[in-house]
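Enquirer: Before we start, here is the structure in question, set down as structure tokens.
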């Protein structure tokens, strides 16, 4: 498509349009994240997630496959489809983090979420592999295969996903702690010296209704939770760098070193491999230390050096792959931690009494702010 004379006069014009597509996708994705998090806390997570996956797959199919089969090429049509795709894909991450937060508590969350958040990197690897395998038949088949896999995943989610333990009769996370708290309150004297500060000590953003079912918190209430704004701004800076690699690495390898597109796609997976290892190891270290910020800070300091080293990488595929993996370790690792484990920490802090109805909203805010930074980077 990008070499087609139907749209572009030269490669520079094609590159500019690619950057434009990435930018409008990420801005629409960011807007969608802010909304999807709120929706996910109020509707069934399984419905929201499966709808987003299946409808996004149809848009991707229309974008890359249907337009080629019909020989219909129009820049504005591509842009509109990619805006819709960004909005639909934004339903994914807030919902899946909320589901994971429903099943796994704070103990070991850094390791569990660090390992689980590798799902995005594994998806990148599989997507690059599938696309490179069918590119020789035409680019439209790369869109067809990936859209088919995504649609099938949405169907599996709709019929098979269990969003919380209560769906199978298990107690929700934090139930034991809540019961202990209730028993402690019942044994308190009716009057005491601590009554003066009682409102401050028991303050919660979420009000408890008569059925003891916590309500979803609002957008601005979620923004006021401690750490949400700061981690959101940090993630905006980090995602800017991470998505520059995510979107442009194969193009950079192909244009800078003259490697074939299929080879560049396959080599770029080493960045994701580094991110998988980095997220898992750094999450485990943060569990041992019971602090996540120091691990992030140290990793990002090393990331500066690895970025400098990668910019000086020679025209050698093995050396490039090694430095690329190291860079992914120090950039992809912290990115996975903030978008998963830390978002779950923020959405389950004591101020909201561990309610899952804050998880998707907080995750949407963090990831949405990060996507704005990534869009600026494009």
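Yeah, the Cβs are placed from backbone N, Cα and C, and that goes for glycine too.
TrEMBL entries are annotated by machine, without manual review.
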Enquirer: In TrEMBL, which of the ranges 251-268, 269-286, 341-358 has the transmembrane segment annotation?
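Expert: Result: 269-286 is the stretch TrEMBL calls transmembrane segment.
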Enquirer: TrEMBL lists transmembrane segment for one of the ranges 199-218, 319-338; which is that range?
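Expert: It is 319-338 that TrEMBL describes as transmembrane segment.
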Enquirer: Can we call the transmembrane segment (141-162) and the transmembrane segment (111-135) in contact, meaning three or more C-beta pairs below 8 angstroms at a sequence separation of 6+?
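Expert: Taking Cβ pairs at least 6 residues apart, the transmembrane segment (111-135) and the transmembrane segment (141-162) are in contact, with 3 or more under 8 Å.
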Enquirer: Ranking 47-70, 76-99, 111-135, 228-249, 319-338 by the number of C-beta pairs under 8 Å to the transmembrane segment (269-286), which range is first?
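Expert: Checked against 47-70, 76-99, 111-135, 228-249, 319-338; highest Cβ contact count belongs to 319-338.
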Enquirer: Let me check one thing: do the transmembrane segment (319-338) and the transmembrane segment (228-249) come into contact, meaning three or more Cβ pairs under 8 Å with sequence separation of at least 6?
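Expert: Yes, these stretches are in contact.
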Enquirer: For the transmembrane segment (76-99) and the transmembrane segment (14-35), decide whether they are in contact, meaning at least 3 CB pairs lie under 8 A, counting pairs 6 or more apart in sequence.
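Expert: Since 3 or more Cβ pairs under 8 Å link them, the transmembrane segment (76-99) and the transmembrane segment (14-35) do come into contact.
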